[in-house]
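Here's the structure, in C-alpha coordinates; my notes come after.
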Amino acid sequence: MCSKDNFLQEVRALCIFTVILLHVPFQGHDNISFNTWLMSKQLITFPVAVFFFLSGYFYSFRNYKSRIVKLLCPFLFWNMSVHLIKFIRGESGFNIENFLLGNGLPYYYLAVLLQIVLFHYIIFKYWSEMVYRVLSISISIISLMAYYYFSISYSIHFNCYLYFPFWILFYTLGTFGKKYWRNLISKIPFCVILLFILISVFLMFFEANLMYYILFQEGIAGSQVKFSSWVYSILIVLLLLKIDYSIDENVTRNFGTLIGDYSYGVYLIHIFILSLIYKLCIVVFNDNYNVLLPFIAASITLVISVFMIYILNKCLPPFILKFLGLYVKSN
(Lines of atoms letter the chains of each structure in order from A; the text may use other names.)
(Lines give C-alpha, C1' and ligand atoms only; values in the text may rest on other atoms or scores of the structure.)
Protein backbone atom coordinates (compact mmCIF):
# COMPACT_ATOMS: atom_id res chain seq x y z
CA MET A 1 0.00 0.00 0.00
CA CYS A 2 1.47 3.36 -0.97
CA SER A 3 2.12 6.26 1.38
CA LYS A 4 -0.91 8.20 0.26
CA ASP A 5 -3.22 5.24 0.89
CA ASN A 6 -1.74 4.70 4.33
CA PHE A 7 -2.16 8.34 5.27
CA LEU A 8 -5.79 8.37 4.17
CA GLN A 9 -6.35 5.23 6.24
CA GLU A 10 -5.07 7.23 9.20
CA VAL A 11 -7.56 9.95 8.27
CA ARG A 12 -10.33 7.35 8.31
CA ALA A 13 -9.12 6.21 11.74
CA LEU A 14 -9.35 9.76 13.08
CA CYS A 15 -12.80 10.22 11.57
CA ILE A 16 -14.26 6.97 12.89
CA PHE A 17 -12.99 7.76 16.39
CA THR A 18 -14.62 11.19 16.14
CA VAL A 19 -17.88 9.61 14.93
CA ILE A 20 -17.92 7.37 18.01
CA LEU A 21 -17.18 10.41 20.17
CA LEU A 22 -20.15 12.22 18.63
CA HIS A 23 -22.38 9.28 19.56
CA VAL A 24 -21.35 9.25 23.23
CA PRO A 25 -24.46 10.36 25.18
CA PHE A 26 -24.22 13.76 26.81
CA GLN A 27 -25.16 13.86 30.47
CA GLY A 28 -25.19 17.18 32.28
CA HIS A 29 -22.55 17.45 34.98
CA ASP A 30 -21.23 20.36 37.00
CA ASN A 31 -17.85 19.86 35.33
CA ILE A 32 -19.30 19.90 31.82
CA SER A 33 -21.87 22.60 31.18
CA PHE A 34 -24.14 22.40 28.18
CA ASN A 35 -22.42 25.44 26.70
CA THR A 36 -19.01 23.78 27.01
CA TRP A 37 -20.36 20.64 25.40
CA LEU A 38 -21.98 22.64 22.60
CA MET A 39 -18.81 24.56 21.85
CA SER A 40 -16.63 21.44 22.03
CA LYS A 41 -18.95 19.60 19.68
CA GLN A 42 -18.35 22.23 17.01
CA LEU A 43 -14.72 21.09 16.72
CA ILE A 44 -15.70 17.52 15.83
CA THR A 45 -18.35 18.24 13.22
CA PHE A 46 -16.08 17.30 10.31
CA PRO A 47 -15.91 13.44 10.18
CA VAL A 48 -19.13 12.70 8.27
CA ALA A 49 -18.30 15.37 5.70
CA VAL A 50 -14.78 13.94 5.30
CA PHE A 51 -16.18 10.43 4.81
CA PHE A 52 -18.53 11.71 2.09
CA PHE A 53 -15.63 13.56 0.46
CA LEU A 54 -13.47 10.42 0.44
CA SER A 55 -16.36 8.42 -1.05
CA GLY A 56 -16.45 10.85 -3.97
CA TYR A 57 -12.65 11.05 -4.12
CA PHE A 58 -12.35 7.32 -4.81
CA TYR A 59 -15.55 6.78 -6.80
CA SER A 60 -15.51 4.67 -9.94
CA PHE A 61 -18.42 3.76 -12.21
CA ARG A 62 -16.71 0.49 -13.04
CA ASN A 63 -17.67 -0.93 -9.63
CA TYR A 64 -21.00 0.88 -9.41
CA LYS A 65 -23.14 -2.26 -8.85
CA SER A 66 -20.79 -3.81 -6.31
CA ARG A 67 -20.71 -0.52 -4.43
CA ILE A 68 -24.50 -0.46 -4.19
CA VAL A 69 -24.47 -4.01 -2.81
CA LYS A 70 -21.67 -3.16 -0.37
CA LEU A 71 -23.79 -0.31 1.01
CA LEU A 72 -27.26 -1.84 0.80
CA CYS A 73 -26.73 -5.26 2.39
CA PRO A 74 -25.06 -4.01 5.61
CA PHE A 75 -27.56 -1.15 5.85
CA LEU A 76 -30.55 -3.50 5.71
CA PHE A 77 -29.04 -6.06 8.10
CA TRP A 78 -27.74 -3.73 10.81
CA ASN A 79 -30.63 -1.30 10.58
CA MET A 80 -33.06 -4.20 10.93
CA SER A 81 -31.06 -5.52 13.89
CA VAL A 82 -31.27 -2.21 15.74
CA HIS A 83 -34.98 -1.79 15.02
CA LEU A 84 -35.63 -5.36 16.15
CA ILE A 85 -33.80 -4.77 19.45
CA LYS A 86 -35.72 -1.53 20.04
CA PHE A 87 -38.99 -3.29 19.22
CA ILE A 88 -38.25 -6.16 21.64
CA ARG A 89 -37.42 -3.64 24.36
CA GLY A 90 -40.68 -1.86 23.67
CA GLU A 91 -38.89 1.38 22.85
CA SER A 92 -40.65 1.92 19.53
CA GLY A 93 -42.83 0.26 16.95
CA PHE A 94 -41.70 -0.49 13.42
CA ASN A 95 -41.86 2.49 11.08
CA ILE A 96 -40.99 1.92 7.42
CA GLU A 97 -39.83 5.53 6.90
CA ASN A 98 -37.52 5.37 9.91
CA PHE A 99 -36.20 2.03 8.73
CA LEU A 100 -35.44 3.10 5.16
CA LEU A 101 -33.84 6.41 6.15
CA GLY A 102 -32.01 5.21 9.24
CA ASN A 103 -33.87 7.86 11.23
CA GLY A 104 -32.35 8.43 14.65
CA LEU A 105 -29.62 5.87 14.02
CA PRO A 106 -26.02 6.17 12.85
CA TYR A 107 -26.91 4.31 9.66
CA TYR A 108 -28.32 7.46 8.09
CA TYR A 109 -24.85 7.80 6.53
CA LEU A 110 -25.41 4.65 4.44
CA ALA A 111 -28.93 5.73 3.49
CA VAL A 112 -27.65 9.11 2.31
CA LEU A 113 -24.64 7.64 0.51
CA LEU A 114 -26.95 5.26 -1.36
CA GLN A 115 -29.05 8.24 -2.43
CA ILE A 116 -25.96 10.14 -3.58
CA VAL A 117 -24.44 7.23 -5.52
CA LEU A 118 -27.72 6.56 -7.35
CA PHE A 119 -28.23 10.26 -8.11
CA HIS A 120 -24.64 10.56 -9.35
CA TYR A 121 -24.97 7.51 -11.59
CA ILE A 122 -28.28 8.60 -13.14
CA ILE A 123 -27.18 12.18 -13.88
CA PHE A 124 -23.80 11.06 -15.23
CA LYS A 125 -25.37 8.35 -17.40
CA TYR A 126 -27.92 10.61 -19.10
CA TRP A 127 -26.13 13.96 -19.01
CA SER A 128 -22.54 14.62 -18.00
CA GLU A 129 -20.19 14.95 -15.05
CA MET A 130 -20.27 18.74 -15.34
CA VAL A 131 -24.08 18.80 -15.20
CA TYR A 132 -23.92 16.58 -12.13
CA ARG A 133 -21.45 18.86 -10.35
CA VAL A 134 -23.30 22.08 -11.09
CA LEU A 135 -26.65 20.53 -10.21
CA SER A 136 -25.52 18.87 -6.98
CA ILE A 137 -23.67 21.93 -5.63
CA SER A 138 -26.68 24.12 -6.46
CA ILE A 139 -29.02 21.66 -4.75
CA SER A 140 -26.85 21.68 -1.62
CA ILE A 141 -26.72 25.46 -1.33
CA ILE A 142 -30.45 25.90 -2.00
CA SER A 143 -31.32 23.15 0.48
CA LEU A 144 -29.25 24.74 3.24
CA MET A 145 -30.84 28.15 2.60
CA ALA A 146 -34.31 26.57 2.69
CA TYR A 147 -33.42 24.75 5.92
CA TYR A 148 -32.47 28.03 7.60
CA TYR A 149 -35.52 29.84 6.22
CA PHE A 150 -38.16 27.33 7.32
CA SER A 151 -36.49 26.67 10.68
CA ILE A 152 -36.11 30.32 11.67
CA SER A 153 -39.18 31.85 10.00
CA TYR A 154 -41.78 29.13 10.56
CA SER A 155 -40.21 26.82 13.18
CA ILE A 156 -40.60 23.97 10.72
CA HIS A 157 -37.93 21.42 11.56
CA PHE A 158 -36.97 18.23 9.79
CA ASN A 159 -34.07 15.85 10.11
CA CYS A 160 -31.85 17.13 7.31
CA TYR A 161 -29.23 14.46 8.10
CA LEU A 162 -31.38 11.91 6.29
CA TYR A 163 -31.47 13.52 2.86
CA PHE A 164 -28.71 13.66 0.26
CA PRO A 165 -28.99 17.37 -0.74
CA PHE A 166 -27.38 18.35 2.57
CA TRP A 167 -24.36 16.08 2.09
CA ILE A 168 -23.88 15.77 -1.65
CA LEU A 169 -21.68 18.89 -1.70
CA PHE A 170 -18.81 17.03 -0.02
CA TYR A 171 -19.16 13.93 -2.18
CA THR A 172 -19.21 16.12 -5.29
CA LEU A 173 -16.10 18.03 -4.24
CA GLY A 174 -14.38 14.66 -3.93
CA THR A 175 -15.32 13.73 -7.50
CA PHE A 176 -13.19 16.59 -8.85
CA GLY A 177 -10.32 14.14 -8.47
CA LYS A 178 -6.74 13.99 -7.30
CA LYS A 179 -5.28 16.03 -10.16
CA TYR A 180 -7.63 18.97 -9.56
CA TRP A 181 -7.05 19.01 -5.82
CA ARG A 182 -3.30 18.56 -6.12
CA ASN A 183 -3.07 21.60 -8.42
CA LEU A 184 -5.28 23.69 -6.14
CA ILE A 185 -3.62 22.66 -2.89
CA SER A 186 -0.14 23.34 -4.24
CA LYS A 187 -1.04 27.04 -4.54
CA ILE A 188 -2.26 27.40 -0.93
CA PRO A 189 0.31 27.66 1.91
CA PHE A 190 -0.19 25.68 5.12
CA CYS A 191 -0.39 28.86 7.18
CA VAL A 192 -3.26 30.20 5.07
CA ILE A 193 -5.31 27.02 5.53
CA LEU A 194 -4.63 27.02 9.28
CA LEU A 195 -5.60 30.69 9.55
CA PHE A 196 -8.90 30.10 7.79
CA ILE A 197 -9.58 27.04 9.95
CA LEU A 198 -9.11 29.22 13.03
CA ILE A 199 -11.47 31.83 11.59
CA SER A 200 -14.04 29.13 10.78
CA VAL A 201 -13.86 27.85 14.39
CA PHE A 202 -14.76 31.30 15.69
CA LEU A 203 -17.50 31.44 13.05
CA MET A 204 -18.91 28.12 14.30
CA PHE A 205 -18.86 29.30 17.90
CA PHE A 206 -20.61 32.52 16.90
CA GLU A 207 -23.27 30.75 14.84
CA ALA A 208 -23.90 28.12 17.52
CA ASN A 209 -24.43 30.81 20.16
CA LEU A 210 -26.55 32.90 17.81
CA MET A 211 -28.78 29.97 16.90
CA TYR A 212 -29.14 28.63 20.44
CA TYR A 213 -29.34 31.69 22.67
CA ILE A 214 -30.85 34.34 20.38
CA LEU A 215 -32.83 32.54 17.67
CA PHE A 216 -33.61 29.50 19.88
CA GLN A 217 -32.69 27.04 17.14
CA GLU A 218 -31.19 24.24 19.22
CA GLY A 219 -31.29 21.80 16.30
CA ILE A 220 -29.16 24.03 14.06
CA ALA A 221 -26.85 25.11 16.90
CA GLY A 222 -25.50 21.62 17.56
CA SER A 223 -25.81 20.34 14.00
CA GLN A 224 -23.14 19.35 11.52
CA VAL A 225 -25.43 20.75 8.83
CA LYS A 226 -25.00 24.51 9.01
CA PHE A 227 -23.03 27.09 7.06
CA SER A 228 -20.12 27.48 9.47
CA SER A 229 -19.73 23.71 9.88
CA TRP A 230 -19.67 23.30 6.11
CA VAL A 231 -16.89 25.89 5.82
CA TYR A 232 -14.96 24.29 8.67
CA SER A 233 -15.30 20.78 7.18
CA ILE A 234 -14.15 21.90 3.73
CA LEU A 235 -11.10 23.58 5.28
CA ILE A 236 -10.31 20.41 7.26
CA VAL A 237 -10.44 18.48 3.98
CA LEU A 238 -8.02 20.99 2.43
CA LEU A 239 -5.67 20.60 5.39
CA LEU A 240 -5.73 16.81 5.19
CA LEU A 241 -5.10 16.88 1.44
CA LYS A 242 -2.28 19.37 1.93
CA ILE A 243 -0.63 16.99 4.39
CA ASP A 244 -1.29 14.03 2.10
CA TYR A 245 0.27 15.70 -0.94
CA SER A 246 3.23 16.92 1.12
CA ILE A 247 4.27 13.43 2.18
CA ASP A 248 7.40 12.35 0.33
CA GLU A 249 8.44 9.29 2.29
CA ASN A 250 6.35 6.17 2.84
CA VAL A 251 3.89 6.16 5.71
CA THR A 252 4.48 2.79 7.32
CA ARG A 253 1.68 0.58 8.51
CA ASN A 254 0.71 1.36 12.11
CA PHE A 255 -2.22 1.17 14.51
CA GLY A 256 -3.83 4.17 12.81
CA THR A 257 -3.80 2.55 9.37
CA LEU A 258 -5.12 -0.67 10.93
CA ILE A 259 -8.09 1.18 12.39
CA GLY A 260 -8.60 2.84 9.01
CA ASP A 261 -8.84 -0.59 7.40
CA TYR A 262 -11.49 -1.57 9.94
CA SER A 263 -13.33 1.78 9.96
CA TYR A 264 -16.34 0.67 7.89
CA GLY A 265 -16.96 -2.32 10.12
CA VAL A 266 -16.40 -0.23 13.25
CA TYR A 267 -19.00 2.22 12.00
CA LEU A 268 -21.50 -0.62 11.59
CA ILE A 269 -21.11 -2.27 15.00
CA HIS A 270 -19.87 0.40 17.41
CA ILE A 271 -23.36 1.54 18.40
CA PHE A 272 -24.07 -1.89 19.93
CA ILE A 273 -20.93 -1.68 22.05
CA LEU A 274 -20.87 1.99 22.97
CA SER A 275 -24.00 2.09 25.12
CA LEU A 276 -22.75 -0.76 27.32
CA ILE A 277 -19.20 0.61 27.56
CA TYR A 278 -20.45 4.08 28.46
CA LYS A 279 -22.61 2.72 31.28
CA LEU A 280 -19.67 0.70 32.61
CA CYS A 281 -17.42 3.76 32.44
CA ILE A 282 -19.90 5.77 34.48
CA VAL A 283 -19.94 3.04 37.14
CA VAL A 284 -16.15 2.59 37.19
CA PHE A 285 -15.05 6.22 36.97
CA ASN A 286 -18.10 7.80 38.62
CA ASP A 287 -17.78 11.61 38.46
CA ASN A 288 -14.00 11.70 38.84
CA TYR A 289 -13.24 11.90 35.13
CA ASN A 290 -16.25 13.72 33.70
CA VAL A 291 -14.26 15.63 31.12
CA LEU A 292 -12.37 12.55 29.94
CA LEU A 293 -15.27 10.09 30.17
CA PRO A 294 -16.45 10.48 26.53
CA PHE A 295 -12.88 9.96 25.27
CA ILE A 296 -12.39 6.92 27.50
CA ALA A 297 -15.69 5.36 26.39
CA ALA A 298 -15.00 6.10 22.71
CA SER A 299 -11.45 4.69 22.89
CA ILE A 300 -12.54 1.46 24.58
CA THR A 301 -15.42 1.08 22.12
CA LEU A 302 -13.05 1.55 19.19
CA VAL A 303 -10.55 -1.04 20.42
CA ILE A 304 -13.24 -3.62 21.22
CA SER A 305 -14.92 -3.07 17.83
CA VAL A 306 -11.64 -3.60 15.96
CA PHE A 307 -10.87 -6.71 18.01
CA MET A 308 -14.33 -8.19 17.37
CA ILE A 309 -14.07 -7.58 13.62
CA TYR A 310 -10.60 -9.14 13.61
CA ILE A 311 -11.92 -12.28 15.36
CA LEU A 312 -14.90 -12.50 13.01
CA ASN A 313 -12.58 -12.27 9.99
CA LYS A 314 -10.71 -15.28 11.36
CA CYS A 315 -13.88 -17.30 11.98
CA LEU A 316 -16.42 -16.49 9.25
CA PRO A 317 -16.21 -17.06 5.48
CA PRO A 318 -15.67 -13.98 3.28
CA PHE A 319 -19.13 -14.00 1.68
CA ILE A 320 -20.83 -13.67 5.08
CA LEU A 321 -18.39 -10.97 6.17
CA LYS A 322 -19.02 -9.03 2.96
CA PHE A 323 -22.77 -9.28 3.47
CA LEU A 324 -22.35 -7.91 6.99
CA GLY A 325 -19.93 -5.21 5.82
CA LEU A 326 -17.21 -6.54 8.14
CA TYR A 327 -14.81 -8.04 5.59
CA VAL A 328 -11.26 -6.71 5.87
CA LYS A 329 -8.81 -7.57 3.14
CA SER A 330 -5.50 -8.88 4.46
CA ASN A 331 -2.49 -6.67 3.79
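Every residue, even glycine, has its Cβ placed from backbone N, Cα and C.
Copied from TrEMBL, the annotated features are:
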DOMAIN    11-308  domain 'Acyltransferase 3'
TRANSMEM  44-61  transmembrane segment
TRANSMEM  68-85  transmembrane segment
TRANSMEM  105-124  transmembrane segment
TRANSMEM  131-150  transmembrane segment
TRANSMEM  156-176  transmembrane segment
TRANSMEM  188-215  transmembrane segment
TRANSMEM  227-243  transmembrane segment
TRANSMEM  264-285  transmembrane segment
TRANSMEM  291-312  transmembrane segment
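Away from its own ends, the transmembrane segment (131-150) comes close to residues 119-120, 123-124, 156-157, 160, 163, 165-169, 171-172, 175-176, 220, 225-227, 230 of its chain (Cβ-Cβ under 8 Å, at least six residues beyond either end).
Mean model confidence of the domain 'Acyltransferase 3' (11-308) amounts to 88 (pLDDT, 0 to 100 scale). Looking at which of 44-61, 68-85, 105-124, 188-215, 264-285 has the most CB pairs under 8 Å to the transmembrane segment (291-312), the answer is the stretch 264-285. A Cβ distance under 8 Å defines the sequence-distant neighbours of the transmembrane segment (188-215), meaning residues of its chain 6+ beyond its ends; these are 38-39, 42-43, 45, 152, 221-222, 226-229, 231-232, 235-236, 238-239, 242. For the transmembrane segment (156-176), the residues of the chain that approach it from at least six positions outside its boundaries are 48-50, 52-59, 101-104, 108, 111-113, 115-116, 119-120, 129, 132-133, 136-137, 139-144, 147, 150, 219, 223-225, 230, 233-234, 237, judged by C-beta separation under 8 angstroms.
Of the two recorded stretches, the transmembrane segment (264-285) lies close to the transmembrane segment (105-124), with three or more CB pairs under 8 Å once pairs fewer than 6 apart in sequence are set aside. Long-range neighbours of the transmembrane segment (105-124) within the same chain, counting only residues 6 or more positions beyond its ends whose Cβ lies under 8 Å from a Cβ of the stretch, are 19, 23, 48, 51-52, 55, 59, 61, 64, 67-68, 71-72, 74-75, 78-79, 82, 131-132, 135-136, 161-164, 167-168, 171, 175, 267-268, 270-271.
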